[in-house]
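**Student:** The structure is given below, and queries will be raised subsequently.
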Amino acid sequence: MAASERNTGKFTEECPACGSAEIVFDEERGEYVCANCGLVTEDPVIDPGPEWRHFNPDQRQRRSRTGEPVKLRLPDKGISTIIDRELRDSGGKKNPRMRRIRTWDARIKVSGSRERNFFQAFLELENLASKLQLPESVRELAASIYRKAYKEGIVRGRGIESVLGAAVFAACKEARVPRTAREIAEALGVSDENEILRAYRVLQRRLNLKQKPTEPSDHLPRFASKLGVSENVQAKAQEIIEKAKEKGITVGKGPAGVAAAALYIASILEGERRTQKEIAEVARVTEVTIRNRYKEICEALGIELHP
């Protein structure tokens with residue numbers, strides 16, 4: 001269906017997650033969303049171009065090919081052919097034989113255990129990435145890590161959700177767009193975030209992942225945006241974090257908790273007070289964590305608060 005036809009509101013297309021045909025176009029974010037389960041069925045930014053660069057017409061001619069760039073988060077990497085949904089002959093009549101061929105073609109593509117695993121995992125990845133608002137680059141990186149984990153036999157004996165969650169956690173850290181293990185676990189429906197962390201440690205060891213630890217500052221922009229505070233509050237929170245690091249009081253502390261405490265302090269100092277409960281909900285940490293961190297920071301930096 002043409003983009004001009006699709007941007008009118010609702011259109012008929014099946015959601016890959018729940019099978020609903022009610023897909024709605026979100027004009028504000030430029031996304032197609034399933035009205036039934038909330039899955040974003042298409043990314044707001046689509047790169048139809050090749051993954052290579054060219055610097056003159058000759059290079060372009062030599063490197064040109066058909067098809068879209070490879071996508072690691074598709075079970076077949078997006079390089080297989082697809083039989084059209086229309087299933088009509090040259091005269092415009094429906095062709096039942098082509099419907100059967102299309103059905104068997106789809107079944108064959110996921111007939112192996114690996115293909116079935118990838119199909120389930122990457123469908124879950126799209127749903128998870130949609131909930132966490134992850135960019136295309138992070139989705140592809142997570143799919144790459146998951147594929148390596150499968151090849152190394154890490155998925156065997158563990159749930160798809162825990163390994164996939166760990167792959168997303170690792171991809172977010174690598175891309176410096178952090179999401180906490182608790183956020184990922186909640187989005188996946190995993191009851192214990194430690195399942196994600198245990199699987200992540202296995203990935204680190206078996207895949208030799210070398211990643212810098214997440215800093216409290218990495219969380220600040222997202223938390224501040226969700227809380228609706230001004231740039232002054234964010235700048236003050238950044239200043240508090242830097243001073244706390246100099247004093248050595250952030251060592252061994254969860255970065256999300258430190259960022260949350262710094263924002264709590266900054267919001268009060270800048271006259272834009274946010275409650276501990278509000279910040280805890282955004283940061284996915286407990287109010288107790290915020291209280292402990294903000295008291296430690298205030299004591300170390302000599303800050304007097306009157307909450």
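Placement of Cβ uses the backbone N, Cα and C atoms for every residue, glycine included.
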**Student:** According to Swiss-Prot, which listed range is zinc finger: 11-42, 107-138, 171-202, 235-266?
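**Tutor:** It is 11-42 that Swiss-Prot annotates as zinc finger.
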**Student:** Among the binding-site residues CYS15, CYS34, which residue has its Cβ surrounded by the fewest other Cβ atoms within 10 Å?
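**Tutor:** Least crowded of the binding-site residues CYS15, CYS34, by Cβ count within 10 Å, is CYS15.
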**Student:** Per-residue pLDDT averaged over the zinc finger (11-42) comes to what?
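**Tutor:** It averages 64.
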